[in-house]
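Q: Among the features that Swiss-Prot reports, domain 'ATP-grasp' is placed at 106-305, with the record citing sequence analysis. Annotation source Swiss-Prot lists ATP binding site at 136-191. If you look up Swiss-Prot, you'll see Asp259, Glu272 marked as Mg(2+) 1 binding site. Positions annotated as Mg(2+) 2 binding site by Swiss-Prot: Glu272, Asn274.
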Amino acid sequence: MAKPLKQQKIAVLLGGTSAEREVSLNSGNAVLTALRNQGFDAHPIDPKEYPVAMLKEQGFDRVFNILHGRGGEDGTIQGLLEQIGLPYTGCGVMASALTMDKMRTKMLWKAFGLPVADMEVVTRTSFSQLNPQVVVEKLGLPLMVKPSLEGSSVGLTKVNAIDDLKSAVEFALQYDETVLIEEWLSGDELTVPVLGNEVLPSIKIVPQGEFYDYEAKYIADNTQYFCPSGLTEEREQELRQLVKQAYDVVGCRGWSRIDVMLDGEGKFRLVEVNTNPGMTSHSLFPKSAATVGYSFEQLVVKILELSL
């Protein structure tokens, strides 16, 4: 019989070595404080400084994983935790690895008949054959160019002119071997949290600049968020069903946040999955959860309770 959660020693994994280290430290400290305030025996563990493989030997019973980006959100730490036999929050190995790869996630959604943006894929090896003319004929202008793997909108460019396409792809290739060139989705940007099997209210993101980049996500205070997002109840219901399908198709569990854009005709298009959403004062998951009655501390405890 497992010990009650309050009697378990809980490691809060935070920091790490990805480009999103700082955000993870902020999220981790917020989660740590929330757990301690609720009477949990929680300890901060930064994999950059502490060997995670030793956690079980050190008497830990469970992990709250709030690492962001590569290493923490891509299946590697999940595999290690499976190996040493510690239950952890969030998605398992397969869903974490898959959703870190935006291209393969979209291909899977598309195969299940779920709506995504039209795209072309360029790799380092295929770059020399890139024909901007053909791409623009197929996808139009403007275009969105982004690395397939890096999180937090690093390496993104909006391409307005055909002559700028190659340099945008080269820029994105600095961050990843594989780059996506996508049709520009001109409608609203939404993000939808899922907690266990419950889809929470959508949030509308209105950045002051061209799109929601790293600075807007974590630094700027001029990005506006609306929750509820202003969709009609009928549209919100349609979005809820779409997001739940998207979540299930890629095998998410525990909690995740799914980004959705509207195209020029107002149709939903799935963008990507965040399997370890931010949990800072700026973060969107807690904002949405608050509208259905979760305090930040209750939300953190619920995510912990969903750990497997």
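Indices start at 1 and increase along the chain as displayed.
Including glycine, each Cβ sits where the backbone N, Cα and C put it.
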Q: Using Asn274 (Mg(2+) 2 binding site) as the reference point, find which of the binding-site residues Thr157, Asp164, Phe171 has the shortest Cα-to-Cα distance to it.
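A: Of all the candidates listed, Thr157 is nearest in space.
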Q: Would you kindly give the Cα-Cα distance separating Asp259 (Mg(2+) 1 binding site) and Leu143 (ATP binding site), rounded to the nearest Å?
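A: So the alpha carbons of Leu143 (ATP binding site) and Asp259 (Mg(2+) 1 binding site) sit roughly 18 Å from each other.
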Q: Let me know how many other Cβ atoms fall within 10 Å of the Cβ of Asp259 (Mg(2+) 1 binding site).
A: 18
Q: Quick one: mean pLDDT on the domain 'ATP-grasp' (106-305)?
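A: Averaged over the domain 'ATP-grasp' (106-305), the predicted model reaches a pLDDT of 92.
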Q: Suppose we draw a 10 Å sphere around the Cβ of Asp164 (ATP binding site). How many other Cβ atoms does it contain, all chains included?
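A: Its Cβ shell of radius 10 Å holds 17 other Cβ atoms.
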Q: Would you mind reading off the Cα separation of Glu272 (Mg(2+) 1 binding site) from Leu185 (ATP binding site), to the nearest angstrom?
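A: Here the two Cα atoms lie 14 Å apart.
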Q: Measuring CA to CA, name the entry from the binding-site residues Asp164, Phe171, Thr178 that ends up nearest Asp259 (Mg(2+) 1 binding site).
A: Thr178
Q: When you measure from the Cβ of Val136 (ATP binding site), which residues in the chain that are at least 6 apart have a Cβ under 8 Å away?
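A: Listed in sequence order: Leu143, Ile162, Leu165.
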Q: Any idea which of the binding-site residues Leu143, Leu185 has the thinnest Cβ neighbourhood at 10 Å?
A: Leu185
Q: Check each residue in the chain of Phe171 (ATP binding site) that is at least six apart in sequence and keep those whose C-beta is under 8 Å from its C-beta; list them in sequence order.
A: Val145, Gly155, Thr157
Q: Note down the number of other Cβ atoms within 10 Å of the Cβ of Asn274 (Mg(2+) 2 binding site), including every protein chain shown.
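A: If we count other Cβ atoms within 10 Å of Asn274 (Mg(2+) 2 binding site), we arrive at 20.
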